[in-house]
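The feature domain 'Cadherin' is assigned by TrEMBL to 24-128, 129-238, 239-345, 357-460, 461-563, 564-668, 672-782. Taken from TrEMBL, the feature signal peptide applies to 1-16. Residues or ranges marked as transmembrane segment by TrEMBL: 783-807.
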Amino acid sequence: MLLVTFLISCVFAVHGTKTTLHVAEESDLNYLIGHAGNEVVQSLPESARSDLVYSMIGTGEHTNLVKLNKQNGNLYTAELIDRESTCGNRELCSINLKVALYSSKASYFEILDVEILIDDINDHAPSFALDSINVNVPESTPVGTIITSVTAIDRDSTQKHRNVTYDAQNTEMFGLQVTQTKDNVPVASLILLQPLDRESREAYSVLVSAADGGQKSESSEINIDITVTDVNDNYPQFGQPSYNISVQENATIGTIVLTVTASDEDVRDNGRVTYGISGETTFFSLFFMIDKYTGDILVKGDLTRISGEHFELEIVCEDHGEQPLSSKVNLTLSVLDVVNNPPMIDVNILSGGGGRTSDNLTALVPESSETGTVVAFLSVTDRDTDDNGNVSCSVSGREFELQDVPSSGYIIVSRLPLDRETTDKYDFTVTCIDAGAPPLSSTVSITVLVQDVNDNAPVFSKKSYFASIVENNEPGKQIVSLLASDKDLDNNSRIRYYIQGKNLDFAIDSRSGALKAKRSFDREHTSEYEVTIVATDSGFPPLTATTTVFVSVIDVNDNAPSFKVSHFQFFVLENMPAGMKVGQLSATDKDVGVNGNLLFSVTEGYKNTIPFIVFQDGSIKTSETLDREEKDRYVFQVKAYDLGSPTIVSTADVTVRLVDDNDNAPVINYPNKENETIVVFSEKTVGSTVAVIQANDADDSGPNSDLEFSIVSGNEQKVFILDNTFGTLRINKEREIQADETFSLRILVSDKGYHRKTAETKLNIILKYVDDTRQSDGGPRNAMVTTSVVAITVVAAAAITTILCIFRRNAQKKKKEKQNRAQPIKQSQQVVPIESLIYKPVATKQVTFTEEKELKKADMTSSTTDHEDLDNMELYNSTGTSMFTNSLIECKTKMLMDDCSDDSDCGTNYDSGKGGSYLDVYKLNRMRNLGYFGPKRPPIEKMDANFPAVTLKLTPYTAAQTFYLPTHTCDTWTLCQTDRRGLCLNRPSNVFCPGCYEETDVLKDDGRDPDTLQAMTSPP
């Protein structure tokens, strides 16, 4: 940063020069707009212009529309510019740039302000929303009325190109009026200039065009089709002014006596006419009728009964306009007497209602009526005498019969039970014939309508309904529509729907049968509902039916994945190869299906910045070999996301701590090749310090960096003694010499790691002879004193220098760690089939450990374990179960017992937090020194006394057998499992188990080899 500031301060900088350029919209790509700062460049000396470089600074609004040539400073269009899309309707549309102009030779730097004005062109014609419109105008519309209005919109952004004018063609009946809206948009209105008459002309077409005010005017057109709608302004007109007709008495029923016609010039209902008879009497209506639609006058009854009669009437014709218009004409009708009469039948309906129509009689009979119910009474008369007046009657069909009523007539009764749902209507005729020659007869048609009785219950279309609704629905959402039918009629078949019992979740429309939700459903709370629906008809008494609706609530992705904890902590040994599994993430999702299937990954901010790969199934593996001395822990964030739409994401923090491995040998700072000889005067007393061996180890604090000092050779006479902890070399015993004597010591420095690493150095000691008898000669004595002082000074200076170097090395180490945390480390992601990686949460087996007593404090004095980290952070295994594993101790135990190398298969390790590896190594060393490993290890009682046992409470898996065994560290018990054949499936390497035992058995130490341990039924 200081260097950049220094370089900028050495460059002559200018700011504030502005260049204004113009470019027309719709210009071609790579169109040259202009130079970013031609005037400034021309004012520069030739030396500065020779290597000028142009660079665009920042990303202002719309800067993507242009591009800059860095060599010559020319600006070009980078995209096709549309002024309307870029600036809308603003009068001023510009692109503002900042261009840096600099020269390295002339130490010149300047920032140019460039404004590019986008000029509007007339590239948009005024356009109507539609090509044509249809308008209906009543013929009674007053002159001056606005028929319709149209507006043409011009998308050009400047006012001069948006100035729209209108013109109209075919306007002899219509005019054009232009007004302005409050937004100054011109609107064209079509105005009626002359009265309309639909009967003269019923359609017009007006072409309206719109043009803008550009130099090259653009225009568009809209066609307005006007239809003149009818108004009821014409009366019906009869074909002749009056009618005079006659009809013979023997005219049959249905004979058309006369057809009257009338016309109306209006259309539709205004021109549609119907006919009627004004002043019609009841007597006339028994024998004649008029068809109101056709104008036909027909014979309705037996005219022999009115032979010789005359009728004077008026025929009325009326249209169907909103305010109807009518006309009348006179009618004279005479009945002529020509023949004798047949029998005359008179029917009286006696059942619960009925009546006479134009050609038959109708009786109403309830379907619940019993056999023999009287339907009608029949009387017959004949004007003739003798045989011509002797009449007999009969009825058609088998459902009804005639019963004679002496001296009166006949009654018609039912012969069979009636069922409306089977047959709802019966048509039969009654025929009466006289005995004349030839015989004359009369016939009457009777219709019996069977009346409905509520004898059928409603029936649902399905015995049960299966429906579904998506959760989080809006209240009132329709779920399913139920349908019930009833064979009865009217109220007896009018069905109402109800929900049986009190229901707070659903409601049903009583008329339509639509089942709706009364509230919003949550599938995670209740996934299925069962509702009983009752259908009731409106008869008396009412009949009912029931059905069941099974409603399934469909899941939506409304639940975020939930991690077991918000912060995972894993441990891994340094120097392990890439691909080593660190741990397993676990999360659950309350949703189902794809909404509940989870995938895992690292969050975006940590991709390619950590040396780990988070796989989609939640497993975490290393992507490279890790070094604790470079960085002792990694903290990053992971996410779990479901496969629903939209995807929901949850995050958790992960801390991966690196466990130290002994991968650095001690470094001896003193003595060294440049300073490996010291002089000691023989007058030194026993215990006097000769020198201090100075060394350091780059490993983390703990056994891997605890150093031991020893003399390998050169001290066979035990003249010197070396403190193995602090490296202080002292005189061990008095030695009388008569001359100078030289000792060449070979010094060994080793650490206390599993695989000790060592360093050697050589120290030459010259034991200087001092003659004690020469007391008077102060010169040599003073010289020796001076020499000793100098030697001590040199040693002290070397010690201070070493201490300063150590402090400096630690400071550099911390600085490097901070840089490693900030600097991204490339992470390689592995792509695998997604089907194999979908994490489906399952129920976990809970395992908890309860410590019976704490470790003795005396055993923990050397530990640097961060207990606060353990107290505040759970450790999790692959199923999310809280536990403390002994994987690290297992690997270290292998190294101690089997002499396994540094690259042994000791992958995933968990310690108890910061510095936890030191505690594990300390415990293992102590156990090894006590003889805990091998055939001569102490009995289990002694092990319990030094390392208290831990009681294990465990829910067994579904394997054939489970049992507990003590680990090598003897502070935990480990679960073993067998298959159904009794073979051990997972005998851990850190467990003394020769085979598999029954559940709850514990081991008894008989003092022999570990493979001779026997099972017992109760703890020792």
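Glycine is treated like the rest: Cβ placed from N, Cα and C.
Are these features on the surface or tucked inside, and what are their neighbours?
Mean per-residue pLDDT, taken over the domain 'Cadherin' (24-128), amounts to 81.
Secondary structure of the domain 'Cadherin' (129-238), assigned with DSSP and counted as helix (H, G, I), strand (E, B) and coil, comes to 4 helix, 55 strand, 51 coil.
Secondary structure of the domain 'Cadherin' (357-460) per DSSP, as helix, strand and coil residue counts: 4 helix, 54 strand, 46 coil.
Helix, strand and coil content of the domain 'Cadherin' (564-668), in residues and according to DSSP, is 6 helix, 48 strand, 51 coil.
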Which numbers of helix, strand and coil residues does DSSP report for the domain 'Cadherin' (672-782)?
5 helix, 50 strand, 56 coil
